[in-house]
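For C49, the entry in TrEMBL reads active site, nucleophile. Taken from TrEMBL, the feature active site, proton donor/acceptor applies to Y180. As annotated by TrEMBL, glutathione binding site applies to W82, R115, Y116, T117, V118. The domain 'GST C-terminal' annotation in TrEMBL covers 131-281. Under the heading site 'Lowers pKa of active site Cys', TrEMBL lists Y238, Y281.
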Amino acid sequence: MSIKPQFVEEQSDDGEFERQEDAFRDWVKPGSEFPPASGRYHLYISLACPWASRALVARNLKGLQDAIGVTVVDPVRDERGWAFRDGPGFSEDPLNGFKFLSEAYLASDPAFRGRYTVPVLWDKEQKRIVNNSEDDICRMFNDGFPGLADDSVDLFPKDIADEQEKLSAFIYEKVNNGVYQAGFATSQRAYEQACRTLFEALDELEKRLEKKRYLFGTRIVETDWRLFCTLVRFDAVYHGHFKCNVRRILDYPNLHGYLLDLYQRPGIAETVNMDHIKRHYYVTHTEINPTSIVPIGPAQDLQAKHGREKLGNG
């Protein structure tokens, strides 16, 4: 038995979810068509989306709040895509007066026919999208704004580059995208395979964090935030809505403490809006939740003590 997929173009014949490739991959760097400059670039994001939130985390950690503005879309998305509306924690588009994010895509490429995704890094001078890949945007914020960004924060240390790339790919495939592969599966076989793969990966990460405060010891890198953005949504959304219910993150002592530790870092709590997160998933995904009822729980205290300091200073 199978059900109708939400994103037909991203579904295989076997009912597996296959994510769309990012379409805009230009780069902000000195001497390029898109040179670094304070006030020139703007970030369109959703606080509900883990991919977009990672870009916001990188912006905040690198101290680019004054250099790069942010507009948050309505967390509830319909068939027209992400919308700019006034509401709690989201707003109309102050730059171009766009009503929908699709207008930014079509202004940049009138022939674009894919899904309109967040994050979007927008160039106010050329009035077009620079990049819509959160991986690229995080690297640009880390390296592409010399003199504007906080150089004391390095999300991609060169001495662990190969190991970091390998672990980031593992987390993307098994965890970040893994919850979506389970949630958007349209066959029992695809769902069970995705769910097993996900929890095997979480078990492995739980073991890794037993003696390490963060994934690479006592320093926090982009890979940690890649994992964080999925963990912080897991118990509230992925456990129930995406049927990833073998265990909660609360049931993993190390992963749960690690989640609390990261959430409590300066500049991070403001990137997490649980109301946006729950409303987006439970109201937008009507193929999964046709009633659009948003659960009241679970109760989560993300400011609780975590005890991870015993593993070293971060």
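Cβ atoms are placed via backbone N, Cα and C, with glycine included.
Remember, TrEMBL labels are computer predictions, not curated facts.
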Of all C-alpha pairs drawn from the glutathione-binding set W82, R115, Y116, T117, V118, the farthest apart lie at a distance in Å of 10
Rank aside, I only need the closest one: which of the recorded positions C49, Y180, Y238 has its C-alpha nearest to that of V118 (glutathione binding site)?
C49
Can you name the recorded positions among C49, T117, Y238 whose CA is within 10 A of the CA of Y180 (active site, proton donor/acceptor)?
Y238
How far is it from T117 (glutathione binding site) to Y238 (site 'Lowers pKa of active site Cys'), counting Cα to Cα, in Å?
20
Check: min Cα-Cα distance from R115 (glutathione binding site) over recorded positions C49, Y238, Y281 goes to C49
Can you name every residue in this chain, apart from W82, R115, Y116, T117, V118, with its Cβ inside 8 Å of the center of the Cβ atoms of the recorded glutathione site?
R77, G81, L101, S102, Y105, V120, N132
Can you tell me which of the recorded positions C49, W82, Y116 is spatially closest to Y281 (site 'Lowers pKa of active site Cys')? Compare CA atoms only.
C49
Are there any residues in the same chain, six or more apart in sequence, whose C-beta is under 8 angstroms from the C-beta of C49 (active site, nucleophile), and if so which?
V118, P119, H280
